[in-house]
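Novice: One structure is given below, represented as structure tokens, and several questions about it will come after.
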Amino acid sequence: MVLLSILRILLWGLVLFMEHRVQMTQVGQPSIAHLPEAPTLPLIQELLEEAPGKQQRKPRVLGHPLRYMLELYQRSADASGHPRENRTIGATMVRLVRPLASVARPLRGSWHIQTLDFPLRPNRVAYQLVRATVVYRHQLHLTHSHLSCHVEPWVQKSPTNHFPSSGRGSSKPSLLPKTWTEMDIMEHVGQKLWNHKGRRVLRLRFVCQQPRGSEVLEFWWHGTSSLDTVFLLLYFNDTQSVQKTKPLPKGLKEFTEKDPSLLLRRARQAGSIASEVPGPSREHDGPESNQCSLHPFQVSFQQLGWDHWIIAPHLYTPNYCKGVCPRVLHYGLNSPNHAIIQNLVSELVDQNVPQPSCVPYKYVPISILLIEANGSILYKEYEGMIAQSCTCR
């Protein structure tokens, strides 16, 4: 409970900070985020940027779009949110965009056309668009008839303007029932819209036709909704998920390449010598149960107040590291050379230098399915969300 209370305080403090930053920007004062060399806020900010807001409730998203994304999530992650190794999604983020509005009108008797507008969010440098598809129902079954439908790009004063035949269909495993079609429109989105600045809207036409010989129905799409029959899928990859490690200084690199374990052995030898040096007792290492180790911890998104926009998973197991770092850092802790030297300095030179702390060493990602403020549904893999092992550094 204490950890949960502390986490809540930190989260609300971050929210207040972000609101203050927005207010400062609105009155013309520079925010901290725009100052040079300002450190980026942690991952929690990225999560909060996707949230609808404290006062907004979860947008009502039902029907096939939600079912599609839930199935995509279940195929890509397990019940705890861990990404599956055999996932075939081909991206670290998928956004389902529903049309903002539609203009429907009967045309040429048996033809029925809807014009659909899909808003495209501003580009983010960290994410690269790798695929774009439109999903629609190619068969609409009504009370007294049925319609055959297709999607085409909207072009002013053009009765028909089909997508290139090479763009039809999808090479990925389909999550769709037989009455639905997924069509690749990456070329159209990439060339026409994606690199444009300012407000961008993808406009498509949903065209349906009644079978020949059937009674012409004069209706305005009663009983059907384009919000549930057509949606856009945008696939992204995180370009910053794999960060290159900085090279070691030339001297240290040559030293470690000759004998990588030499520095570690010397540090251990110095540690054993330090035990014979007169000084304050270092018996605070304590019993083995107090040694630095990984501790399980689980919290629900409902406890964090995020369940109004996070669909899955329901529980989050971040884990945490706790315990005393030993006086001699053994190999299993994976401590960096700096921590080993710092430990020696604390033992032999200056006891005011703090000993290394017990912190997470390795993390694993978590997949989250959430609803954005505009009603879009987002699947996203967040790196560094679950601590898997600990180290002293």
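Cβ from N, Cα, C; glycine included.
Features from Swiss-Prot:
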- Cys292-Cys358: disulfide bond (DISULFID)
- Cys321-Cys390: disulfide bond (DISULFID)
- Cys325-Cys392: disulfide bond (DISULFID)
- Asn86: N-linked glycosylation site (CARBOHYD)
- Asn237: N-linked glycosylation site (CARBOHYD)
- Asn374: N-linked glycosylation site (CARBOHYD)
- 1-25: signal peptide (SIGNAL)
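Mind mapping these onto the model and telling me what they sit next to?
Specialist: Within the same chain, residues at least six positions away from Cys292 (disulfide bond) with a Cβ under 8 Å of its Cβ are Cys321, Lys322, Gly323, Val324, Cys325, Pro326, Leu333, Cys358, Cys390, Thr391, Cys392. According to DSSP, Cys292 (disulfide bond) is assigned to coil rather than to any helix or strand.
Of all Cβ atoms in the shown protein chains, 18 besides its own fall within 10 Å of the Cβ of Cys321 (disulfide bond).
According to DSSP, Cys392 (disulfide bond) is assigned to a strand segment.
Mapped onto three states, the DSSP output places Asn86 (N-linked glycosylation site) in coil. A sphere of 10 angstroms centred on the C-beta of Asn86 (N-linked glycosylation site) encloses 6 other C-beta atoms.
According to DSSP, Asn237 (N-linked glycosylation site) sits within a strand segment. Listed in sequence order, Ala91, Thr92, Met93, Tyr127, Gln128, Val130 are the same-chain residues at least 6 apart in sequence whose CB falls under 8 Å from the CB of Asn237 (N-linked glycosylation site).
There are 12 other Cβ atoms within 10 Å of the Cβ belonging to Asn374 (N-linked glycosylation site).
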Novice: Return the count of C-beta atoms lying within 10 angstroms of the C-beta of Cys390 (disulfide bond), excluding that atom itself.
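Specialist: The answer is 24 other Cβ atoms.
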Novice: By Cβ count within 10 Å, point out the most packed of the disulfide-bonded residues listed: Cys325, Cys358, Cys392.
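Specialist: Sorting the candidates by Cβ neighbours within 10 Å, the top entry is Cys392.
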Novice: Would you kindly give the Cα-Cα distance separating Asn374 (N-linked glycosylation site) and Asn86 (N-linked glycosylation site), rounded to the nearest Å?
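Specialist: Here the two Cα atoms are 31 Å apart.
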